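Student: So TrEMBL says this about it:
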- 144-274: domain 'EamA' (DOMAIN)
- 37-56: transmembrane segment (TRANSMEM)
- 68-88: transmembrane segment (TRANSMEM)
- 94-112: transmembrane segment (TRANSMEM)
- 119-137: transmembrane segment (TRANSMEM)
- 143-163: transmembrane segment (TRANSMEM)
- 175-197: transmembrane segment (TRANSMEM)
- 203-221: transmembrane segment (TRANSMEM)
- 233-253: transmembrane segment (TRANSMEM)
- 259-276: transmembrane segment (TRANSMEM)
Amino acid sequence: MTARAGAAPAVALVVAGLACQEVGASLAYLLFPQVGPLGMVMLRLVFSALVLLAIARPRLRGHTSRDWLSVVWFGVVLAVMNGLFYLALERLTLGVTVTIEVLGPLVLSIVASRRASAWLWAALAFAGVVALGGGGWDRLDPVGVVFALGAAASWALYILASARVGAAFPKLDGLALAMTAGALISLPFGIVSAGGALLRPELLAIGAAVAVLSSTIPYAFELIALRRLPASAFAILMSLAPATACLAGFLLLGQQLTTLELAGIALVIVASIGAVRAAGRRAREAVEPVA
């Protein structure tokens, strides 16, 4: 099998994972009237934690207090990131919410690249965000935008926290434990938000489906894809998240976007791809031997 033939199924897996995430987000949105955004966060994290614990069966011994602090911090970031994302989704369309959220890892890539060209991608991303407001940010719910920006910052923290936990715990152990911590943190907020709706089996079933679609399936697909794709190509494919979010929002939720908003999303996608490529070039230069 050629490298190109091996890469094609991996690309399909990444795209399928992105589609699953946005279908999960659409299902979560439909549950907001019954359980609220924070109730949905609790359901997603609890069911995700249960699935990960069953798969990973993490070892609890042999770790330092610093390792456990990293797990707790990762759990806090998971809970906050998901909470802010769903609170933003309650007020903004799925495409706009995901596009703003992507700014978190985008800024992280730009800072990591330390190349002058990175600032061109930053300017392009800024232009895209301005276009999202249709030339005037008063068209977007300001509270929703603040929540989405908070989710973007949390996503950047997620990347950093994930790397630290991944270095201290083998395989899926760290993620399973951090997801459990995040689920425990979200419990009181989710119970207050959802109330008696948590006793309805059909809502619990949909909550479990959201967890599987938004976390379990995408993570499994990404894990398989990373065995066949270079990290740089994988990151570029992940930059397509706003596009899949727009499509899911349109097909599943009937959310319409203006031409200017679509142009803004396209600019952010291009900026994300450019920033990832710039960071990849810097990484290759760093490992080249000096003559």
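We number each residue from 1, going along the chain as drawn.
Here the Cβ of each residue, glycine as well, is placed from N, Cα and C on the backbone.
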Student: Provide the three-state DSSP residue tally for the domain 'EamA' (144-274): helix first, then strand, then coil.
Tutor: 114 helix, 0 strand, 17 coil
Student: Considering only the recorded stretches 94-112, 175-197, 203-221, state which has the highest number of Cβ pairs under 8 Å to the transmembrane segment (143-163).
Tutor: 94-112
Student: Should anything in the same chain at least six residues away from the transmembrane segment (233-253) have a Cβ under 8 Å from its Cβ atoms, list it; otherwise answer none.
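Tutor: Tertiary neighbours of the transmembrane segment (233-253) are 7, 11, 14-15, 18-19, 21-23, 25-26, 29-30, 93-95, 97-99, 102, 109, 222, 225-226, 262, 265, 268-269, 272-273, 276-277, 280.
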Student: Assess whether the transmembrane segment (175-197) lies in contact with the transmembrane segment (259-276), where contact requires at least three Cβ pairs under 8 Å among residues 6 or more apart in sequence.
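Tutor: Checked: the transmembrane segment (175-197) vs the transmembrane segment (259-276), no contact.
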Student: Can you tell me which recorded stretch out of 94-112, 203-221, 259-276 has the most Cβ pairs within less than 8 Å of the transmembrane segment (37-56)?
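Tutor: So the stretch in question is 203-221.
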Student: Could you please provide the mean pLDDT value for the domain 'EamA' (144-274)?
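Tutor: Across the residues of the domain 'EamA' (144-274) the model's pLDDT averages 87 on the 0 to 100 scale.
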